[in-house]
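Engineer: Got a structure here, written out as structure tokens. Questions coming.
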Amino acid sequence: MDISAGWGLVVIGSGPAGEAAAMQAAKKDLKVAIIEEQSSLGGNCTHWGTIPSKALRHQVRQVIRTQRNPLLRGILKPREIRWQDLIARTREVIDSQVQVRTDFYVRNRVTVFAGRGEILSPNEVRVDDHEGRQHLLKTDNILVATGSRPYHPEDVDFSHPRIYDSDTILTMDHTPRHILIYGAGVIGSEYACIFTGLGIRVDLVNSREHLLDFLDTEISDALSYHLREQGCTIRQGEHYKRVTADDDGVTLELESGKKLRADALLWCNGRSGNTQNIGLENVDVKANDRGQLKVNERYQTETDNLYAVGDVVGWPSLASASYDQGRFCAAAIAGDEVRQVTDVPTGIYTIPGISSVGRTEQELTEAKVPYDVGQAFFKNLARAQITGERVGMLKILFHRETLAVLGIHCFGYQAMEIVHVGQAIMRQPGENNTLEYFIDTTFNYPTMAEAYRVAAINGINRIKR
Ligand SMILES: Cc1cc2nc3c(=O)[nH]c(=O)nc-3n(C[C@H](O)[C@H](O)[C@H](O)COP(=O)(O)OP(=O)(O)OC[C@H]3O[C@@H](n4cnc5c(N)ncnc54)[C@H](O)[C@@H]3O)c2cc1C
Ligand SMILES: NC(=O)c1ccc[n+]([C@@H]2O[C@H](COP(=O)([O-])OP(=O)(O)OC[C@H]3O[C@@H](n4cnc5c(N)ncnc54)[C@H](O)[C@@H]3O)[C@@H](O)[C@H]2O)c1
């Protein structure tokens, strides 16, 4: 075994959380090693989650836009597009991301171990590398950034070639005409839009009563409406009883007695933290029943120099937040101020997309906050008319007396980008957080961001009536 000592931080996992922590620790002059068991860096985010799903969505949006454009309509037939071809283009994006990320480690002199990491004690990690060698790393601190994987109930046969999860769907070598999606969380809803955009029949089965019920109700209803309009059948409040598959397709039997049959099934119901066989028993740390670790405000587990960030600690389980958690954790290890990730915006890449930050109307009503609403409908904006992206709205929730912005909820073209304009104002201290900013500031024209001025004027007019 190859033994090395003097490491300041050993990171297990090279997703957004591990990468950001490794870079931050290196900037703080710690001697850093990172261990990754996949054949290239970037984590599940780059290889199986965020990046491939967003690259697929982008291509499908281009197809949809082509269909809407009278000059281009007919050039492309969505039903003739092969899933494998979309995946091939997606691979190009993944490869570019891997290259960029690999360079970060080289430039910041972080040592990469390609293999599986296992914690032996609070100061020792063993690596079983891909060449069959073993390395023992002696370190002051260990960071678990092992991410998550799709949750697999035991009674569903995921080895069957017609049953997929959000990882294996990227290896599907045929283009189904009809797909069942079980689980209408963020992953299920995003993939439902990707498949309906390709003209594939989708049955989206939701175990809850409303789609994405943590969202503003109007926006969640608008998403249901648009998904249905695009040909997706949404079945709410349904639970699976049995999944059976054969050479020709899959049957999903529901507890309500319904039997749904299609060419393939995509299972999108939940994720589990990757904490199995990483040596937690050697440091007296236990994961919960979803494989997640409990951490304090410094991202520290019950063992002093053992830290955890990213999906493995549960909420919010987003790449966006994982980058910040990794950075904040490494800074705290290096002795900087302790910072936590809060006020995370929601960015859901359905078609149309959804984004929000701050509180919802339901939450403000429950908390008895005197608020009002300013709205802008995209169909009235010049930019939306030019691009033909007329579906959507921006809703600003603000305090009726102080005019402080309390929540931004956006649905439609560029929603995930324009939410940040409102977020920047919401983050201003005291009286600087004001709806009036959008009225007193000149915005470029014609832009989607103009929606802020329209919505703010609409809101002010309501309270001055
Ligand atoms: C389909 C899908 C779409 C998503 N879309 C978005 C989105 O649009 N926006 C967003 O913000 N988030 C999105 N997410 C969530 C986001 O991908 C995750 O929150 C993010 O990947 C978590 O980062 P992480 O660093 O914790 O771990 P991961 O990205 O899961 O990476 C963990 C890494 O650790 C490695 N590892 C595990 N165990 C070991 C071990 N013992 N030794 C060595 N290496 C190990 C794994 O191989 C993996 O590479 C999406 C997720 C999915 C599944
Ligand atoms: N655009 C985005 O931000 C984006 C896109 C895709 C995924 N994600 C993230 O990926 C995560 C997974 O999303 P999802 O749609 O699969 O599921 P979800 O988190 O919405 O959960 C779906 C259902 O599965 C249950 N569940 C979750 N984990 C379980 C487990 N380990 N065991 C048993 N039941 C479990 C949940 O209670 C829920 O009823 C979310 O945290 C989401 O934030 C984000």
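Yeah, the Cβs are placed from backbone N, Cα and C, and that goes for glycine too.
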Engineer: Can you match one of ASP304, ASP311, ASP324 to the FAD site that TrEMBL gives for LYS54, GLY117, THR146, GLY147, SER148?
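Structural biologist: The candidate from ASP304, ASP311, ASP324 that TrEMBL ties to FAD along with LYS54, GLY117, THR146, GLY147, SER148 is ASP311.
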Engineer: In TrEMBL, the residues GLY183, ALA184, GLY185, VAL186, ILE187, GLY188, SER189, GLU190 are said to bind NAD(+). Which of GLY115, GLY270, GLY273 is said to bind at that same site?
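Structural biologist: So the NAD(+) site in TrEMBL includes GLY183, ALA184, GLY185, VAL186, ILE187, GLY188, SER189, GLU190 plus, from the candidates GLY115, GLY270, GLY273, GLY270.
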Engineer: Which entry in the list of binding-site residues, THR146, SER148, SER189, has its Cβ near the fewest other Cβ atoms, using 10 Å as the limit?
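Structural biologist: Checked THR146, SER148, SER189; of these binding-site residues, fewest Cβ neighbours within 10 Å: SER148.
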Engineer: Could you break down the residues of the domain 'Pyridine nucleotide-disulphide oxidoreductase dimerisation' (344-455) into DSSP helix, strand and coil, giving a count for each?
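Structural biologist: Grouping H, G, I as helix and E, B as strand yields 39 helix, 31 strand, 42 coil.
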Engineer: Spatially, which candidate from the binding-site residues GLY183, GLY185, ILE187, SER189, GLY270 is nearest to GLY117 (FAD binding site), comparing Cα atoms?
Structural biologist: GLY270
Engineer: Using the alpha carbons only, what distance in Å do you get between SER189 (NAD(+) binding site) and LYS54 (FAD binding site) once rounded?
Structural biologist: 13
Engineer: Would you list, in sequence order, the residues of this chain other than GLY183, ALA184, GLY185, VAL186, ILE187, GLY188, SER189, GLU190, GLY270 that have their CB within 8 A of the centroid of the site's CB atoms, where the site is the one recorded for NAD(+)?
Structural biologist: ILE181, TYR191, CYS268, ASN269
